[in-house]
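Below is one structure, written out as structure tokens; comments come after it.
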Amino acid sequence: MRKAGEEGAGQAMAIVFLALCLSSASTFASADQNRRRPQPSPPHEAAKDRFPSSVSIGRTSSAVFPLYGNVYPNGLYFASLRIGDPPRPYFLDVDTGSDLTWVQCDAPCVSCSKGPHPLYKPEKDKLVPCVHPICDSLQAVASTPSHTGEAQRPHCDSPNDQCDYEVEYADQGSSRGVLISDTFSMHFVNGSLLRPRLAFGCGYDQQLYGNDAPSPTDGVLGLGLGKSSIMSQLREHGLTRNVMGHCLGRRGGGFLFFGDDLVPTSGVSWTPMSGRGLRKYYSPGPANLFLGRQLLGKNFEVIFDSGSSYTYFSSRPYEIFLTLMMRDLSGKQLKVASDDRTLPLCWRGAKPFKSIGEARKYFKPLTMAFSQGKRALLAIPPENYLILTKHGSLCLGVLNGTEVGLKDLNIIGDISVQDVMVVYDNEKEQIGWARANCERFPRSAGSSALPSPPPGFPVPEHLPSLRPSFHAASGSEEMVARGVSAGHPHHHHHPGGL
């Protein structure tokens, strides 16, 4: 993985965290004769009962989690979830752009970065069989038609085969492992402490942050639309409604919630989720994009992605945006800061800026006007597309997505939804947003002040980011698959192949 920082604009581009599930599979061959075979494990229960919830409640509620991190300099927001018995904390990168949650795992580990916590240690009786519906959903994603037009769907040689997965990221990072289930300890707003058993990835082979670089988190919290996402599983257990939201603080921190108890009853702009080709992502459909009152582009396809630190426009609207902005700044007391390489384009004033507000008068707001539903507007003020660097410069947090392989796709990243509550209502298939003070923890969650960051979180200058470009899963006979059969090569993809 590359990190967004002073190392250069090219590295900054790589911070795109988008988890786009594309149309080909990289599967593990269960008939590979070169792999070790473990001793047979006890027979599994029927697949549908493989990991039932360890709790039940009379009505659905909501779970709330503090978020930590920021757009700059950390480059990500993460939640601390407690997994296992006894419960142990794991820092997970919040990602609405991918489905599968995974943690670094000692299975044993083939390639893992040093993370903030010890590796998760799996037990064989927690393996999810490849015939389980969640594994089947991963296989369905993996087996969509390839460039040959013929789907090559993985299969199970035995009902007790494990479920292997592989996730590849847009910046060429990856995680490979096996699907397991364990308990997640969660506090609900109705006062309950529940421990549902959920499926997630035990990642024993990661290529994420370089060979020796430490990992800022223990894994990824997948919150996409697929059956394997934590959100979908909680809904399946009857613990929450299939509604989720996040509120990212401009000065850092925030909160994440599952369920609809915290959704505001008024003041929310709603738009239907797109029914077009982007349906498997959180897309509010096409929008018209404006800088001030000037039109930058029409029918602008948009995706919300909490894993992208910055916002990405495709080439044409990006170039128009840049041209109009530079024209507006002409003659103003701002100069391009070519020596500040935090992001591709930065400016400095007569003296170092102490806040973005000092330069707000030089920049116009961006607005996205969505054509579906009630024509909702998403206002993006300068504070939500600029960052203030440690050098006192202002840098543009909107990047050219086409240059990093996103083609015509446009990403609303974390920077543009700071101090905005974003709600993903999968029950009603709509996305909503409202201005909010994300530094205040919801009162219904028991406190109005955000908790302090958990101990052990490293805060380096810049943190790398990751995004899957496709998921794959298949049955296997070995808990640790150390290789891929020559008959099933990897297929490397870039985002944008929708």
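Heads up, the Cβ atoms here are built off N, Cα and C, so glycines get one too.
Caution: TrEMBL annotation is automatic and unverified by curators.
What TrEMBL says about this one:
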SIGNAL    1-31  signal peptide
REGION    31-53  region 'Disordered'
DOMAIN    77-434  domain 'Peptidase A1'
ACT_SITE  ASP95  active site
ACT_SITE  ASP305  active site
REGION    444-498  region 'Disordered'
COMPBIAS  488-498  compositional bias 'Basic residues'
### Query
What is the interatomic distance between the Cα atoms of ASP95 (active site) and ASP305 (active site), given in whole Å?
7
### Packing count at ASP305 (active site) (other Cβ atoms within 10 Å of its Cβ)
29
### Summary
For ASP95 (active site), the number of neighbouring Cβ atoms whose distance to its own Cβ is within 10 Å equals 29
